[in-house]
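Over in Swiss-Prot, the protein carries these features:
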COILED    119-274  coiled coil
COMPBIAS  200-218  compositional bias 'Basic and acidic residues'
COMPBIAS  225-250  compositional bias 'Basic and acidic residues'
COMPBIAS  330-342  compositional bias 'Polar residues'
COMPBIAS  372-392  compositional bias 'Polar residues'
COMPBIAS  393-415  compositional bias 'Low complexity'
COMPBIAS  492-503  compositional bias 'Polar residues'
COMPBIAS  1477-1492  compositional bias 'Polar residues'
COMPBIAS  1528-1547  compositional bias 'Basic and acidic residues'
COMPBIAS  1548-1557  compositional bias 'Polar residues'
COMPBIAS  1571-1584  compositional bias 'Polar residues'
COMPBIAS  1609-1623  compositional bias 'Low complexity'
COMPBIAS  1630-1648  compositional bias 'Basic and acidic residues'
MOD_RES   R495  asymmetric dimethylarginine
MOD_RES   S1510  phosphoserine
REGION    1-26  region 'Disordered'
REGION    200-250  region 'Disordered'
REGION    322-439  region 'Disordered'
REGION    451-476  region 'Disordered'
REGION    492-608  region 'Disordered'
REGION    1438-1492  region 'Disordered'
REGION    1522-1648  region 'Disordered'
REPEAT    699-729  repeat 'ANK 1'
REPEAT    733-762  repeat 'ANK 2'
REPEAT    766-795  repeat 'ANK 3'
REPEAT    799-828  repeat 'ANK 4'
REPEAT    832-861  repeat 'ANK 5'
REPEAT    901-931  repeat 'ANK 6'
Amino acid sequence: MATDSASCEPDLSRTPGDTEGATAEAAKKEFDVDTLSKSELRMLLSVMEGELEARDLVIEALRARRKEVFIQERYGRFNLNDPFLALQRDYEAGPGDKEKPVCTNPLSILEAVMAHCRKMQERMSAQLVAAESRQKKLEMEKLQLQALEQEHKKLAAHLEEERGKNKHVVLMLVKECKQLSGKVVEEAQKLEEVMAQLEEEKKKTSELEEQLSAEKQRSSGMEAQLEKQLSEFDTEREQLRAKLSREEAHTTDLKEEIDKMKKMMEQMKKGSDGKPGLSLPRKTKDKRLASISVATEGPVTRSVACQTDVVTESTDPVKKLPLTVPIKPSTGSPLVPTNTKGNVGPSALLIRPGIDRQSSHSDLGPSPPTALPSSANRIEENGPSTGNAPDLSNSTPSTPSSTAPAAAQTPGTAPQNHSQAPTVHSLHSPCANTHPGLNPRIQAARFRFQGNANDPDQNGNNTQSPPSRDVSPTSRDNLVAKQLARNTVTQALSRFTSPQAGASSRLGVSPGGDAGTCPPVGRTGLKTPGAARVDRGNPPPIPPKKPGLSQTPSPPHPQLRASNAGAKVDNKIVASPPSTLPQGTKVVNEENVPKSSSPQLPPKPSIDLTVAPAGCPVSALATSQVGAWPAGTPGLNQPACSDSSLVIPATVAFCSSINPVSASSRSPGASDSLLVAASGWSPSLTPLLMSGGPAPLAGRPTLLQQAAAQGNVTLLSMLLNEEGLDINYSCEDGHSALYSAAKNGHTDCVRLLLNAEARVDAADKNGFTPLCVAAAQGHFECIELLTAYNANINHSAAGGQTPLYLACKNGNKECIKLLLEAGTDRSIKTRDGWTPIHAAVDTGNVDSLKLLMYHRVRAHGNSLSSEEPKSGLFSLNGGESPTGPSKPVVPADLINHADKEGWTAAHIAASKGFKNCLEVLCRHGGLEPERRDKCNRTVHDVATDDCKHLLENLNALKIPLRISVGEIQPSNDVSDDFECEHTICTLNIRKQTSWEDFSKAVSQALTNHFQAISSDGWWSLEDGTFNNATDSCIGLGTSSIRSIMLGSMPWSTGQSFSQSPWDFLKKKKVEQVLALLSGPQEGCLSSVTYASMIPLQMLQNYLRLVEQYHNVIFHGPEGSLQDYIANQLALCMKYRQMAAGFPCEIVRAEVDSGFSKEQLVDVFIRNACLIPVKQFPVKKKIIVILENLEKSSLSELLGDFLAPLENRSTESPCTFQKGNGTSECYYFHENCFLVGTIAKACLQGSDLLVQQHFRWVQLRWDCEPIQGLLQRFLRRKVVSKFRGQLPAPCDPVCKIVDWALSVWRQLNSCLARLGTPEALLGPKYFLSCPVVPGHAQATVKWMSKLWNAVIAPRVQEAILSRASMNKQPGTGQTASKKYPSQGQQAVVRAALSILLNKAVLHGCPLPRAELDQQIADFKGGSFPLSIVSSYSKKKVESGAWRKVNTSPRKKPGHFSSPTWNKPDPKREGMRNKTIPHLNTNRNSSLSKQQSLENDLSVTLTLDHRLSLGSDDEADLVKELQSMCSSKSESDISKIADSRDDLRKFDSSRTNPGTSAPLNLRTPVPQKEASPPSSRQTAECSNSKSKTEMGVSSVKSFLPVPRSKVAQCSQNTKRNSSSSNTRQLEINNNSKEENWTLDKHEQVEKPNK
C-alpha cells in the first residue's frame, strides 16, 4: 500500500493544474475576457484567488493524510524501538527505476521519525498517568460500592424488621385510636355534666363569700376580745406554771428517792464491786496472753492441717518451762509478708513449752489423750500435717506403728537460715532442755532412734524455739483478730482445693517462722495460696518454671506459713517463701535428695543422726502460685524431693541456744559445741548438731569454722593467732570461716577474719560469697564491714543472684540501702531473667521496692537525702502529695523487664495480690500494664480483684464534683459566712464509663451528699444507708438541680454525646463538674436551703405565710438568720411575680433607735404602699422589709398602722400628716407585703399589743430549723474541706466540730436557766468556726475570740440588766449598768466562770496540757467562785429566788477545776481536811475515789465584804449554785470540787411579782437543750483515761438523808444514772421547809 500511495503522488500533484486549465477553456468559450468591465474583472480575480487558496488547503490536507498513511503502512507493523532496521528495509526495498523515491536521505527520515516518536512517547506517558488515576478511582469506587451494598443489605434487613414492627405498632395504634375515640365521647359527656355542676358550685361559692365576709368582720371583733382575755390569762398561767413546777419537782424527788433506795438495796446484796472491777482488765489480759500462746500450739496445727487426728499431750514437767523471747523486728520488712497471710510455719506451731500446751487446751477445749495414729492415717484431707509429728520438746517415743511409716517418708527441710536482728538474747533449745543431765552421746543416740518416727518434725522444727509472745495488747489483739479471720477462710479453701498426697510422696516440712521475729498469731491455719490463685479462672494456666518465689534466703522476718507438703495445684507444689538462719537438717533417705546449692556450714564428721549439719544437702518445700525454678538450679536453697519439677526451695530459721554472757553472740543462730561447753558455755547437743560446727575431734580448720559459725570470738582469736592455720580453708561445699561468720551475722568474728586478711570474695560451690549470704540473711552490719573491705558488690552467683537481689528477697531495708549507697547495679539479671525489682515485688515488700526505685546515690557513693516517697504519696485516689513524689531513678526498661516466661514485676505483684507494690509500680510513668507474657496474658488478666480495681483506675480521670448556689445576695446577715461553691466528691471516670454510668454516678453522689450533711451522725458518703431515699431530710434531691456544667458546657442528667465521657472530659480539658441549684431567680428555694441549711419545706411554709397573710414578722435570738430568711423570701417572691407578668420591687429599711414613725410613713408613701383614698390601687407588687425592729418600740412605730394593715381597703383609711403640715387619708393596697425581723427571743410589755395584728414566725434555738442548722452547716464545711469525704467519727476534726456545736447548745441552755433570754445566741456567730484538719488549737483560739468579743459582753449586760430590774427605773437602772456594785460585779464574774467551765471548756477535745494554755485567752475563767455563796447566809429569810427551769436534766460531765475554799471546821475531825484537785487524781482507782467521797466535806465560805443589792441578785446567786450542782448540765469540777458546797443554802418561796417577767420563757426540752452526757463526751475525747470516765459517771449532787450518806457514796455508780436534778430547795439549818410536801430532815448527798 505504501508503494501504491507513492505512485499516486505525482498524479495528485498534477490534478490542480488540469482543473485550472479546463476552467479557463470553458470560460473562454462562454465569455470573452476582454469584454468584461473593470468591476467584473475584479470579481473574477477574487474568485480565482479563492479557488487557489482552497486548492492549497486541500493539497496540504492531502499531504498530511498521505504522510500518516505512509508511516502507518510502512512502519506500523514494526517495533519503533529499532528505527534503523526499518530504514535498512526501506532502502533495500526501495522504489524501482520508474518510481521516484520519497526521500533520498534516510537520516532525515530517521530524524522525522524520532521527533514523532518523542511526541508520541510524551503523549502516551500522559495518557498512562491519566489511565492509572482513573483506575485507582475506579478501585476506590468499587470498594465503596461494595461497602454500600453491604450496608444496603443490612439496612434492607433492618428495614424489613422495622416494617414488621411498624405494622404491629400501627395495628396497636389503630386499636388504641378506636378505644380513645370511644373514651373521648364519654369524656365529652362527662365534661358537660361537670360544667353544669361547676356553674351550680359557682353560685354556691358566691353566696358563701358573702357569708364569709360577714363572718370575718365578726371574727375580727371576737379576736380583739380574745386577745384581751389572753393577756389576762398570761399572768395567771405563769403563776399556775410555777406552782405546777414545784409540784413536779417534789414528785420527781420522791421518785428519785425510791429509785435510789431500790438501787442501794441491790448494791448491798451484791456487795462492793470495786476491787473485782479493778482486776477485770488483768483477767482480760491474762486471757489474751493465753490465747496468744494457744496460737502456737500443736492442737491448733492439728485442727487446721489435719482436722481428723489427735495429738497426744505430753506430761513431762521439764517441758513446761515458760519461755520469754524479746523481739525486735527488723524495720525493713513487714512482720508478716503479704503473701503469707498470717500462716505460721510448722516450727512455730510444733515446738512449744508445755505451759503453752496447757493454755491451748484451756482455750480450745480438752483434747482426748490418744496415741498418735499411724502414717496410714496421717494422710489428711489437706495433705500431710506438720502438726501430727511428735513435738521435739515432748520427745516421748511414739508408738511403733507410727515410727516405721514415718521413716519411710522422704522429708526434707531447707537449710535453716536465721537472720534475726541483734536482740534475741536467750532462746530456748527444747532438745537440750529435755534431759539436761544425760551424756551428749546418749542424747545423740536417743535423737537418732527417735528421729525415724519424727522425721517431718525434726527436719522442720528440731531446734526451733517457739515465737516470742508479744505482751502488747494492741498489736496482739489486732494481729490475732486479722490473722484468725484470714486463716479461717484459707483453711476452708485448702480443704477443697488441695489434692490428697500419699505418704510415700510426702516431703519435709516447709520452712517455719523465725523464733525471734514471729509475731503472735492466733489459731493460724494452713495456706495453699497457689490453689486460690492458679484456679482464678484466668484463660491460660500460669506457666511452669515461673521464678515466683525465689530460691534465695528470705527476709529476717520469716514467712509465717505452715505449708502442706503434699498440697499441689496443677502439678505445682506450693511452698512458703524462704525463711532465715542457716542451720541444716539431714534427711534420712538421701538417695532421693539432690545436692544442696545454698550457703551452708561445714559438715559434721561422722555422727549419723537424723539432723545433719548445714553443709549437707537438704530438700525443702516452698510455696508459689506462679512456678518454681528447676530442682537442679544452684541457689541458696535446695528443692524438695518430689516428682514435680515445680518445687521452690526455701530456708527455715532454726534458733539455737546461746549463752547471754557472750557479748559477741549478736545472733541467736549460733550454737554450742562440746569444746565450747567445756570452756564455760552452756552445753547443748542440738545446737551443736545444727550449727554446722565440727565434733571435738576435728582438725583446726574445721574448728575455726565452728568458732566462726557460733560467734565464739575468744576461740576464734585464739585460733587466728596460731601459726600455719589456713583461714581460707573451705569445706566440701566451699564454706569458709568468713562465710559462716557472715551467714550467722557475727560481726565481731567477721571483723577478726577480715583483719586477718581472709579472702573477702571467697565463694562456695554455688558461687555465693560472704557478702551474698550476709545480704540473704539481712546482716547489715556484716555487709557494712564487707563493703568496707572492698567486697565485690555486683558478684553474681551460679544462678545470677547478686547481693542486692538476695537482700531484696530478704526484705531488709538497711541491707538494700547499704548496697545501693555502695553503688551496686540494680539492673543485673538472674539466670531466669529476674531483677532485684522482681525479687522485691515477689516478697511483697513495699519499702524495698521504694528504695530500689527512688534511692539516689551521688557519684562518689554517698547517698543523697533519701527521696523515697512516703506511702501517702502513692495513693492513686488521693492524688499527689503537696510536695509531690520524687522522680524514680530506675528506667522504664528495668520496670518493664520480663523474665523467661514473659512476666514483669507488675505481673508478679498483680497475681499475688500485692496491691501496695503494684501501686508503687504504677506510679512509674514508664510502666506498660498491657505487656503480655508468653501465654499472652496482661497484668490485668492475672491480677486479683483488688489489683484489677487498681489497674482499672490507673488511667481514670479524677474530676471534682462541686455544687453551686449561685450568687449570694449581699445582706447584713451571714452572707460572708456562706460560700458559693462546695466540693462534694471526686468522680472517677474510666475509659469504659458510659454516659449512663456517668449520670448515675453524678445523681448518686448528689443524693449521698444531701443525705450525709443532713444526717445525725458522721456517715460516710459511700455508705449504702442513703441509697433508698430520694430526698434528704432538708428536702434536697436531684430534682433540686437546675443544670450541670461540664467545664463550660451545660449538660443534663441522661444526656449523652458521641464521645465517651472519658474522651469528652479529657478533650475539653474539663477540670470540674458543677451542679447548679435552683434559686430565687427560678422561683425556687433550693439554693437558699443549701446555703443556709434550713429545710426546704420550712422555707416554703414561710413563703406561703408571707404570700397569704401579707404581714409577717420573723423573731428569734440575735444571730438566728432572720434578715437572711426575709431577704431570700422577698427575692423568690419578686421573681415569681415577675414570671407571672407583674412588676415587683423590694424595699429594705433598717430600723434603729432614731427611726421615727414619720420616716416609716415616708417610706410607705414614697414606695406606693400607702395610696391616697382617691387613687386607684397599683398593679405593682411591693415587698417592704423592716430590719432590726427590736431597736425601736413596736407599739410606737407600728401602732397607727395596725388597723390599715389588717383591713386593706378604702373603707379603713388612715390619716397621716405630711411634713408641710397638711394631712391626707391613705390606705394599704393588697399588692403590698410587709416583712419584719426582730432579734429578740420574746416580746415584753406594750409590744404585746402588736402581736395579734401580724403573723409571727418564732425562730427558737431549741427547735427546728435553728436547732439543727449549725450541725448541718459545720458538717457540710467539713465535707468540703475534705474534698467530699466525711472523716471517721473519731477524727479530731469531727470531735472539734462536735465540741463547737455543744458549746452553742450548752451556752443557750445555761443562759435560759439563768433567766436571761436576751443573751441567747443564734447560730450565726458559730458559722465561721474554722475547720483546719490537724489544728484543733485554731478552733479553740477562734472560740476564745468569740467568747471575749461576743459571748462575755452579752452575758455581762444581760446579768446586770436582770440584777437591776427591781431598782428605780430610768436613771437608777442606767447608773447601775454603768457603775455596777461590788456584788453585781461578783455575780457577773461568777456567771462568766460557770458558763466558761460548764458550757465552753467542758468537752473540749484538746489534751489537758494544751487546754490549760488556752484557758488564759478566755476572759472570766479564773474567778474564785466561793463568793457565789456569800449572799446566801444574809438572805436566808428574803425569799427572793425563783425556780427558773424545770426541764429534765442529763448527767454531768467531768472537768478539773480551780481551787475552792476552806473545809467545814466542824467536820474536820470526822473527815479529811483537804481535797486535792480532781485532775491530780485522774489516774487513781475507783475505790480510792469512793473512799474520798465518803471522807470529804468542803463547804463554801462567805466573803462578808461583798453584798448583793437586790433579791434578783440573790436569785442569780442561787441559780448559779443550782447550775454548779445540777446534773442537767455538764459537771464542772472546776467549780464544784467541794463535796457539800451547797449544803448551807436556803430556798424560800417564790415571789410572784418579781418572777413574772422571767417566766416568759418556756422550759427547754431535754433532748434539745441539754449537752451530751458525760459518757458520750468521754468516749469522744482521746485525752481521758478509762479511770477518768468511770469517775465522771459517778458524779451526783442529789441531797439524801444523813443516815444514807455512806450507802450513797458506796453506790455512786448506780445512783448516777438518775436523770433528774434535785435543786437545793431544803436548808437543813432552817425549820422552814419549802418546795416539799412533808417535813423531815434532809441532808445533801456529798458532792462527788
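Using N, Cα and C of the backbone, Cβ positions are placed for all residues, glycine too.
Mapped onto DSSP helix, strand and coil, the repeat 'ANK 5' (832-861) counts 17 helix, 1 strand, 12 coil.
Mean pLDDT, taken over the repeat 'ANK 3' (766-795), works out to 93 on the 0 to 100 scale.
With DSSP classes pooled into helix, strand and coil, the tally for the repeat 'ANK 2' (733-762) is 17 helix, 0 strand, 13 coil. Residue counts for the repeat 'ANK 4' (799-828) by DSSP state, with H, G and I taken as helix and E and B as strand, are 17 helix, 0 strand, 13 coil.
Helix, strand and coil counts from DSSP across the repeat 'ANK 1' (699-729) read 20 helix, 0 strand, 11 coil. For the compositional bias 'Basic and acidic residues' (225-250), residue counts in helix, strand and coil come to 26 helix, 0 strand, 0 coil, using DSSP. Sorting each residue of the repeat 'ANK 6' (901-931) by its DSSP state yields 17 helix, 0 strand, 14 coil.
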